[in-house]
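Asks: The feature active site, proton acceptor is assigned by TrEMBL to E66. TrEMBL lists G108, A109, S110, T111, Q112 with the feature ATP binding site. What TrEMBL records for 368-391 is transmembrane segment.
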Amino acid sequence: MIRASQVIPKSQHEETPVYLGATAGMRLLRIEDAQLADKVLAAVTKSLSNYHFDFQGARIITGQEEGAYGWITINYLLGKFIQKLNWLYLRPDENGAQETFGALDLGGASTQITFVPQNKNIESPRNALHFRLYGRDYSVYTHSFLCYGKDQALRQKLAKDIRGTDGILRDPCFHPGYETVMNVSDLYSSPCTRRFAMIHPFSQFQIQGTGNYRQCQRSILELFNTSYCPYSQCSFNGIFLPPPHGDFGAFSAYYYVMDFLNLTLEETTSQEKVIDTMEKFCSQPWEELKTYFGDVKEKYLSEYCFSGTYILSLLSSYHFTADSWKNIHFMGKIQSSNVGWTLGYMLNLTNMIPAEQPYSKPLSHTTYIFLMILFSLILVAVVIIGLLVFYKPSYFWKDMV
């Protein structure tokens, strides 16, 4: 807010709206302690109200909203809803040239998948959203998996794996030579790990890394229940998921992890290359890794093996294959704008994306090209006539002399 106060002219402070949306971390807190969540929002509201902006309030957005706003952000920045050419608006071609991108969002506490399926029949009504943007209707599938963000997924995996141990967990998702100690009570403090809660004869446990990608993935996949599906197709935990269709933008932790692993240099990266990278990275000794990445905090550095393996496992559970991986684009920015749910949230609240077209009947691309050619011919004709008038006056006026 201090930065905003410096950037925005003082004369515009009172007319500048400020919105605050809280996501999965606060959704978890509301599950655990609703009163505390309300107190946090009240404290934030009080703090932001002290600034001279037009504060519109703070609230916890739903997982479905978070997924939808991420989808809106990507497609708005990519120009998939409408094309603007100076004074003219063009609707995307109906032939699919402006087909929307799907959105893959991975946070610390939740993960979202949102896209327009090829089959418009979404079997689960709770996963269906309908938008009318610039005069076009979009039937969108979305689902938010609470507790399946990368941080909470790691806690789930640890809570699952310490069962039956003597307080020492040899974990393939951490590098060989890595060791740390955790409190059992801290592990079970999250609502996400309660399904694994049990009484242990120890209050602390030690993690000893063994660094094996394949074994790490096997452990992660145990978090996904794929044995039950009441629909034609599911992702995991009985959640309906239509076949992924079209291109996808993967952002937030998807991008940060892949960028750290140098897997965002090309527009798309094959699944095979990511797997090969993870096999090599996870097997690197911890001491060597610390020396090479001396400027990275150890907590973050120690978790990249898990995070990269988790991303592969999660996308596999979404039924992305080696072939469809080429449709995934890891995105940090689009045209210098950060990719995330926040822009879509703002666009929705400020009604900056109209339901109807800016004009009653926008020109098609073909019509636009035709008019440009016509205008060009008229302009050339005017120039030629002008040259004849100004440079050959005797031709026009000889009869009057």
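Just so you know, the numbers here start at 1 and follow the chain as drawn.
The backbone N, Cα and C atoms fix where each Cβ goes, glycine too.
Note: TrEMBL annotation is automatic and uncurated.
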Asks: Under a criterion of Cβ-Cβ distance under 8 Å and sequence separation of at least 6, what residues of the same chain contact E66 (active site, proton acceptor)?
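Replies: The answer is T23, A24, D105, S110, Q112, S144, W341.
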Asks: Would you identify the secondary structure of the residue listed as 'active site, proton acceptor' according to DSSP, in three states?
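Replies: Its secondary structure by DSSP: helix.
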Asks: Would you list, in sequence order, the residues of this chain other than G108, A109, S110, T111, Q112 that have their CB within 8 A of the centroid of the site's CB atoms, where the site is the one recorded for ATP?
Replies: T23, A24, G63, E66, D105, L106, G107, S144, F145, L146, Y148, G149, K150, Q152
Asks: Under a three-state reduction of DSSP output, how is T111 (ATP binding site) classified: helix, strand, or coil?
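Replies: Strand, per DSSP.
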Asks: Counting other Cβ atoms within 10 Å, pick out the least crowded of the binding-site residues G108, A109.
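Replies: G108, out of the binding-site residues G108, A109, has the fewest neighbouring Cβ atoms within 10 Å.
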Asks: What is the number of other Cβ atoms found within 10 Å of the Cβ of Q112 (ATP binding site)?
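Replies: Step by step: centre on the Cβ of Q112 (ATP binding site), count other Cβ atoms within 10 Å, giving 29.
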